[in-house]
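Lifted from TrEMBL, the feature list:
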{"type": "DOMAIN", "residues": "2-139", "note": "domain 'Thioester reductase (TE)'"}
{"type": "DOMAIN", "residues": "211-302", "note": "domain 'Fatty acyl-CoA reductase C-terminal'"}
{"type": "TRANSMEM", "residues": "319-336", "note": "transmembrane segment"}
Amino acid sequence: VLLHVSTAYCNCNVKYIDEKVYEPPLAPHKLLDACEWMDGDVLNTLTPKMIGNRPNTYTYTKAIAEYLLYQNKEELPVVIFRPSIVGASWNEPVPGWVDNYNGPTGLLAAIGNGLLRVMKGDFYGTSDIIPVDIASNMMIAVAWDNVVYKSDELKVYHCTTGQMNKFTWGQMERMSHECFMKNPVNTVARIPNPRFTKSYVWHEVCVLFDHVLPAYLMDMMMWVSGKRPIFVKIQDKLRKAVGSLDYFTQNEWVFSNKNLDDLLNKMTPEDRKTFNFNVKSIHWPTYMESYCLGIKRFVLREELSELSKARQTLKRLQRINFAVNVFLFIAVWRLLINRVAVARTLWNFLLGWAIRIFKRMPKVAKSS
């Protein structure tokens, strides 16, 4: 059997995605013929029209590849496997194993460093993450199913969690914050504080005050101390990387999982245990803690024995953050008192009220 690994988002221009191959607007052979004689500039000009309301060429070419296989299904024993957003492992080889920055791993690493603090996204929207070992186990079972139970039709399998064990971007925000506050990374630059918002205006305001200005301030401190400024460049790269995910964090889809259910029912209890891909078994708080620790161990190459040192660094950042906030509050308040009559009147009222309360406290204490 020829098992083709696609993506659950290859037909993201449709909100309800069934386990079938969708016909693309342009036939694969016509697209291939056009690529033979068109130069790069012409293709770049025509790309937005060709992909239509899909967000990028990746999802479009995945759909094209699926249809090309569908057209040749009589000659090839093809089966299509569509995972959603592949993340760290749930159990195998160890919980939290991951070896790249793809998908949510890059987001979580930036959150752990404190460099990514605001993202466009639906707080209540589905974050359809699938652990890599769950996807791998299901791929093996899918191949077995199509050898033992042959079918004349080309079968498509969705490997997704959204309809069977929902996990939201808001849960990711909260759980990643809790995990990285409990187990910070050694390279933490700011206090982890991720936030998802659907408001364009609020997002841009937060990016300015929580990403851009602090990056320039930290670079200025690096320059003064004789080190090479890096934070502005990091923020530029981070914004481009996160921007490519905006479409997926602000929208959600319904994926049919009928073939997944049927496959589980065909397997023996022993096989279901050995090749576990039952997404209902995932406990998201446990998974996210393992994921964040896995990023620390396997991606950032940090030793867990250094956690105490990382926690001390985070506490120092918390003290600095508190001191800066107090300084800014006093500076702004002093400016308002000196420039705005209403603020000055309010300050005098509050100060007078506080003085009267303190004067009455000894009398209250004596009477009691």
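Heads up, the Cβ atoms here are built off N, Cα and C, so glycines get one too.
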Local confidence of the domain 'Fatty acyl-CoA reductase C-terminal' (211-302) - pLDDT mean: 91
Secondary structure content of the domain 'Fatty acyl-CoA reductase C-terminal' (211-302), with strand meaning DSSP E or B: 66 helix, 2 strand, 24 coil
